[in-house]
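Presented below is the structure to which this report refers.
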Amino acid sequence: MKDTLTRLKYWYQRASAAGAEYYNAPYRAAIARAKRDEDDLFMLLVFGEMMGIPNPASWYTLELQPLLLERFHDWHKRMGMERSPLDNMRCC
Amino acid sequence: MSAILLLVLGLGGMALGYFLYSRFIAKVIYKVDENFRTPANEFEDGVDFVPTNKFVLWGHHFTSVAGAAPIVGPAIAVIWGWLPAFLWVTIGTIFFAGVHDFGAIWASVRNKAKSIGTLTGEVVGTRARSIFTIVIFLVLLMVNAVFGVVIARLLINNPGSVVPVWGAIAVALVIGQLIYRGKMSLPLVSLVGVVALYFLIYIGPSVPVSLPEQVGGLSDNAAWILILFGYAAIASLLPVWVLLQPRDYINGLQLFVGLIALYAAVLIGNPTVVAPMINQDVPAGTPSMIPLLFVTIACGAISGFHGLVASGTTSKQLRREPDARFVGYFGATGEGALALAAIIAATAGFASLADWQAVYTSFGQGGVLAFVNGGATILSQGTGLDAEVAGTMLTVMAALFAGTTMDTGLRLQRYIFQEWGEIYNVKWMSKAAPATLLSVGTCLLLAFGAGGADGSGGLLIWPLFGTSNQLLAGLTLLVVTVMLVRRGTPTIYTVVPLIFLLVMTLYALLIQLKGFYTKGDWFLLTLDLVVLVAAILVSLECIASLRRLKQERQQSGAS
């Protein structure tokens with residue numbers, strides 16, 4: 001019985017892996033590229049901030065707030081802060 | 001004539017083709033090498049080049065190339081009787097399509113996984129590449145305009161399918177979120193998605209939706225076409241993971257389920273083929289079978305579109321070179337199996353010959369509706385499913401295919417406009433939104449310009465799609481042939497399909513040219529001329545490059 005269960009679990013994992021590959025294969029490149037673009041933008045922002053270069057995007061950042069809010073919330077929770085640490089950025 | 005016999009002969013032939021002929025092609029002609037390092041391994045970057053499991057890659061390749069064309073083409077072509085369509089699909093798949101698709105992957109893999117367009121430029125010449133870009137643009141334009149009309153007609157003729165067709169988009173949006181944000185297990189989400197889709201198909205007939213006959217002064221057909229293009233424009237601008245990816249995935253699962261159900265129903269119900277073997281009594285205005293049969297059935301037999309997918313994405317993910325046989329040749333076989341199902345549905349799904357003739361009253365009339373109606377009868381007789389639900393199931397299958405091809409096509413057309421914007425330094429054209437508007441605009445111009453207020457201009461140019469698509473296939477075969485000549489391996493297996501395709505395409509174009517001239521249809525006449533000039537240029541390029549190669553070989557032999 002235990003053997004059967006282990007085997008079933010193994011086959012389920014195999015099916016899951018094959019399914020994920022089938023799901024992703026046609027769009028793998030587009031998604032990887034989008035992620036890379038996002039990382040590049042992040043790099044630009046962080047690097048600019050560290051070097052004291054005025055951020056050209058900051059004027060428009062408020063427009064991104066609805067998109068970023070959820071991720072910001074997840075971030076401060078992960079960092080162990082119950083509430084948002086920024087006074088002017090309240091998400092919860 | 002029993003449909004089972006047709007099924008067994010067709011599938012049996014294709015199976016023999018795969019197990020014997022493709023093995024021969026792989027060993028003797030393409031000489032695939034187990035030790036050859038494929039571009040997926042050589043340039044592996046986790047983005048474009050990723051070695052992929054061959055079964056997964058087959059699934060991706062097959063569902064990418066399977067659009068509405070393997071259904072529409074054969075279902076129209078049975079107007080000449082079932083035998084010509086059956087023979088062309090079976091023989092075409094074994095000796096033409098399999099060799100072509102396999103060859104396209106092989107040629108690309110042997111050249112750093114470059115696309116067939118770039119390869120044409122390198123192997124044949126820059127002139128051939130310019131022709132290639134024009135033909136690709138025309139093919140995309142036609143696919144988008146045609147599929148808009150096909151889906152609109154399906155939705156009007158089967159109001160029960162409106163809810164599942166649009167509901168499938170909602171299902172895709174939800175499963176996309178569940179997978180990406182919810183991080184739910186994929187087999188579970190797939191199951192939920194498929195069950196939700198079939199639940200929609202089940203309830204669809206009880207909540208039929210029809211547009212009023214006049215919507216703001218437009219016919220319902222025209223209104224649906226506008227709605228569909230609006231949808232496709234939005235879908236092509238959304239990030240892929242939001243809609244396209246889950247939609248294609250659920251669509252692929254649906255294709256497998258639908259095809260298995262249809263074949264099982266034929267085996268259980270054993271329907272009789274009522275259509276004549278060769279139709280002597282074709283409706284007035286039906287064009288001559290030769291050469292139109294070969295350009296009407298495009299994707300069911302050989303299609304140039306397959307070469308674009310094979311060299312575009314498939315070749316970058318091929319783990320081992322011998323896998324090209326399974327992915328390419330067997331991918332073409334899958335397409336042939338879909339075309340065979342369309343032939344059986346459009347010839348055996350009717351109660352009598354008179355019923356069949358009532359549908360096939362003029363050329364282009366049968367088409368996808370005959371597939372849906374005939375297939376629904378077969379499904380309901382074989383499996384006991386309610387006829388209306390079976391009809392909705394097949395309509396949804398055809399409409400979803402046309403839909404996914406349409407929004408991918410629109411996306412590709414947008415890329416071409418953006419590329420032109422960058423090449424010619426037209427800033428506004430290189431941005432996504434204006435380029436999308438331009439793509440939709442050109443498609444609508446074709447739909448409403450050639451078809452009038454009804455918007456069905458797309459269907460009028462369907463035979464032109466066949467010819468331009470065959471031209472693309474011809475170019476791919478030319479690239480493969482030139483490579484074979486350079487390697488000194490026998491070329492007859494690619495040259496014969498190449499010559500056959502070019503002769504039939506040129507012949508069909510000339511016949512159509514005469515028809516458009518007699519009718520005074522200047523728009524189609526111009527389009528026909530563009531494709532005709534391209535076809536002649538391709539033929540000349542073929543002769544020139546093969547002759548050049550022969551001379552080179554003779555010179556190197558002499559020295």
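Each residue, glycine too, has its Cβ placed from N, Cα and C.
Annotations in TrEMBL come from automatic prediction, not curation.
From a predicted model like this one, the values you see are computed outputs, not experimental measurements.
As recorded in TrEMBL, the features of this protein are as follows:
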DOMAIN    B:3-347  domain 'CstA N-terminal'
TRANSMEM  B:85-109  transmembrane segment
TRANSMEM  B:130-156  transmembrane segment
TRANSMEM  B:186-203  transmembrane segment
TRANSMEM  B:223-244  transmembrane segment
TRANSMEM  B:256-278  transmembrane segment
TRANSMEM  B:290-314  transmembrane segment
TRANSMEM  B:326-351  transmembrane segment
DOMAIN    B:365-508  domain 'CstA N-terminal'
TRANSMEM  B:389-412  transmembrane segment
TRANSMEM  B:432-453  transmembrane segment
TRANSMEM  B:459-485  transmembrane segment
TRANSMEM  B:492-510  transmembrane segment
TRANSMEM  B:522-546  transmembrane segment
How about the transmembrane segment (B:432-453) and the transmembrane segment (B:130-156): at least 3 CB pairs under 8 Å, pairs 6 or more apart in sequence, or not?
yes
The transmembrane segment (B:326-351): which same-chain residues, six or more beyond its ends, come within Cβ distance under 8 Å?
3, 6-7, 10-11, 14-15, 17-18, 22, 25, 54, 57-58, 61-62, 65-66, 70-71, 73-75, 78, 82, 85-86, 89-90, 92-94, 97-106, 255, 259, 262-263, 266, 271-275, 297, 299-301, 303, 306, 310, 314, 318, 359, 366, 370-378, 394
For a three-state summary based on DSSP, what are the helix, strand and coil counts in the domain 'CstA N-terminal' (B:365-508)?
128 helix, 0 strand, 16 coil
Do at least three CB pairs under 8 A connect the transmembrane segment (B:522-546) and the transmembrane segment (B:290-314), leaving out pairs fewer than 6 apart in sequence?
no
For the transmembrane segment (B:130-156) and the transmembrane segment (B:492-510), check the count of CB pairs under 8 Å (sequence separation 6 or more) and say whether it reaches 3 or more.
no
For the transmembrane segment (B:459-485), distant same-chain residues with Cβ under 8 A (at least six beyond the ends):
29, 72-73, 76, 100, 103-104, 106-107, 110, 116, 119-120, 123-124, 128, 131-132, 135-136, 138-139, 142-143, 145-146, 149-150, 287, 292, 294-299, 302-308, 311, 364, 446, 450-451, 491, 494-495, 497-498, 501-502, 504-505, 508-509, 512, 524, 527-528, 531, 534-535, 538, 541-542, 545-546, 549-550, 553
So, taking each listed stretch (B:85-109, B:389-412, B:492-510, B:522-546) in turn and counting its Cβ pairs to the transmembrane segment (B:186-203) that are under 8 angstroms, which one gives the highest count?
B:389-412
Cβ-Cβ under 8 Å with the transmembrane segment (B:389-412): same-chain residues at least 6 beyond its ends:
66-68, 71, 140, 143-144, 147-148, 150-151, 154-155, 158, 160-161, 164-165, 168, 197-198, 201-202, 204-205, 228, 231-233, 235-236, 244, 247-248, 251, 254-255, 258, 261-262, 345, 368, 371-373, 375-377, 379-380, 383, 436, 439-440, 443
What is the pLDDT of the domain 'CstA N-terminal' (B:365-508) when averaged and given as a whole number?
87
